[in-house]
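Engineer: OK, TrEMBL features for this one:
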BINDING   62-66, 128-134, Asp154, Ala251, Gly304, His356, Asp420  (6S)-NADPHX binding site
BINDING   Asn63, Asp124, Ser157  K(+) binding site
BINDING   Lys390, Gly391, His392, Cys393, Thr394, Gly419  AMP binding site
Amino acid sequence: MRGIWTTDHIRQAEERLLAGTLEGALMRRAAHGVAIQAAAMLDEHAGAVAGRSAVLLVGAGNNGGDALWAGAFLRKRGVGVAAVLLAPEKAHTQGLAALKRSGGRVLSVEESPQWIASADLVVDGIVGIAARGPLRPDAAALVDHIAAPVLAVDLPSGVEPDTGAVEGPAVSANRTVTFGARKPVHVLNPERCGDVVLVDIGLSGELGEPDLFQLDVADVAAAWPMPGPSDDKYTQGVTGVAAGSATYPGAAVLASGSAVHATSGMVRYAGTSADVVRWHWPEIVATGSITDAGKVQAWVAGPGIGTGREGKDVLAAALGKGVPVCADADAITIIAHQPDVLDARDPGTPLVLTPHDGEFARLTGSPPGPDRVGAVRAAADRFNAVVLLKGHCTIVADPDGRVLVNAARGSWLATAGSGDVLSGLVGALLAAGLDPWLAAGVAADVHARAGQLGADGVPVSAAGVLAAIPDAVRQVRALKP
Ligand SMILES: NC(=O)C1=CN([C@@H]2O[C@H](COP(=O)(O)OP(=O)(O)OC[C@H]3O[C@@H](n4cnc5c(N)ncnc54)[C@H](O)[C@@H]3O)[C@@H](O)[C@H]2O)[C@@H](O)CC1
Ligand SMILES: [K+]
């Protein structure tokens, strides 16, 4: 699992590291990493390094210092380097001296726009981990002139380092070079960061426990249930699906079909769509109600069940079974409006809630807001449940405080019924006995892969995502190192 650290923790770690390091050494290490990536980008986008031009946007702090030192290194490779100083009196003294010594120039206010517009590469050293809020107007005006690819130092300026939120003008980078550890912005707003390159500055020994996690493909591969020689259909976990209604039979077909595709264990269906479910998935044992369904190891409850009396009874029955439950869609609305339904649950039994933003607002009384991680963590604590917040980047919080961010793979999953497919995956992994937080994260990962594979460059339906689940699992197993 990859760790991600908040800026507070990075600062504390940096302070400990700085205490035992020669002054300036860390910055030069960081800047050297920036220069290597800048040269690579010039080569990629402008066909050469020597003779090409880079403009540095330099803010008031060490982030600007990194950019200035990187400029000095680029000069040694024959790059024409010019710096725009946003706060000339506060520009990093040694970095500025190094740039000037190397033959780099400092631009006047008047000449900056023209130079920025015609550069082969722009290096964003406006602000780093001390950033608060969007770009200020002077910086925003300069950024508007950029036509070239952008390399961000540590993070794209104007994007909140700890939340990835953009609440005004901000840089969009093609690549971001970060130092020592990934920060939340890199996983919460990958679009603004572009490719993220991590440069080792010797920080890892000082970091401590991560604040966020991201699954590696190896984690997903290791967690995905595979039948062993002594397994039968029951030992791999039986998934129960309570979904669908006369109005929404499709939700039942998608959620139960997804569970069928996820593992080779057994799937039971309970609800009013039993006939249509059997017709689509003959391998499912379908009954009319949870009471008649037989033994299952985890229930998916909610997609398409409606939010009235009957829906509430279905959810209460699932929660009362003493096995893990993934409550999705209508089940979330029921919990939001009638929280007493949760009384049916033994608090020690895992519950996974999978809201999108609207359902999250209904559930908690307010939308997730710019700090999505904080909001999901609080909801997990409040409901004593794993909460998976759907979105471009899916966030999964455990009541114990662990948070996982799932990498987006395009927007293919923004299609009707795609959530039903996700809930089936979560249910199947819960039934297989995975830790509920991991089950939700692994399901989100394979769901995103299935979206990407099912789409293959053109829009995909939820049924197409569902059909691509085996390919997604195959991909995970093939990519595992
Ligand atoms: N501390 C260290 O050991 C290292 C730090 N490094 C660099 O240092 C950076 C952090 O440097 P600093 O702490 O000096 O701070 P920054 O360079 O991130 O910010 C400098 C100042 O900009 C101002 N500012 C905040 N928000 C702004 C906004 N929206 N628009 C304009 N100005 C804004 C603030 O006054 C802030 O103090 C890191 O991101 C990284 O690039 C690297 O050199 C690696 C080593
Ligand atoms: K920056």
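For all residues, glycine too, the Cβ spot is worked out from N, Cα and C.
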Engineer: Can you see whether DSSP assigns Asn62 ((6S)-NADPHX binding site) to helix, strand or coil?
Structural biologist: helix
Engineer: Filter the candidate list Asn63, Arg132, Gly391, Cys393, Thr394 of binding-site residues, keeping only entries whose CB is under 6 Å from an atom of ligand 1.
Structural biologist: Asn63, Arg132
Engineer: Based on a Cβ-to-ligand 2 distance below 6 Å, what subset of the binding-site residues Asn63, Asp124, Arg132, Ser157, His392 would you report?
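Structural biologist: So the answer is Asn63, Asp124, Ser157.
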Engineer: Which site among Arg132, His356 has the most other CB atoms no more than 10 Å from its CB, taking these as binding-site residues?
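Structural biologist: Top count of Cβ atoms within 10 Å goes to His356.
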Engineer: Checking the binding-site residues Asn62, Asp154, Cys393, Gly419, which are within 10 Å of Asp124 (K(+) binding site) at the Cα level?
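Structural biologist: So far as Cα distances go, the binding-site residues lying within 10 Å of Asp124 (K(+) binding site) are Asp154.
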Engineer: Are there any residues in the same chain, six or more apart in sequence, whose C-beta is under 8 angstroms from the C-beta of Ile129 ((6S)-NADPHX binding site), and if so which?
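Structural biologist: Correct list: Thr7, Ile10, Arg11, Asn63, Asp154, Leu155, Pro161, Lys183.
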Engineer: Between His356 ((6S)-NADPHX binding site) and Cys393 (AMP binding site), find the distance joining the two CA atoms and give it rounded to the nearest Å.
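Structural biologist: Checking the Cα atoms of His356 ((6S)-NADPHX binding site) and Cys393 (AMP binding site) gives a distance of 11 Å.
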Engineer: To the nearest whole angstrom, state the Cα distance for the pair Asn62 ((6S)-NADPHX binding site) and Lys390 (AMP binding site).
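Structural biologist: Here the two Cα atoms lie 36 Å apart.
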Engineer: How many Å separate the Cα atoms of His392 (AMP binding site) and Arg132 ((6S)-NADPHX binding site)?
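Structural biologist: Their Cα atoms are separated by 23 Å.
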Engineer: Within the same chain, and leaving aside Lys390, Gly391, His392, Cys393, Thr394, Gly419, name every residue whose CB is within 8 angstroms of the centroid of the CB atoms belonging to the recorded AMP site, in sequence order.
Structural biologist: His356, Leu389, Ile395, Asn406, Ala408, Leu413, Ala444
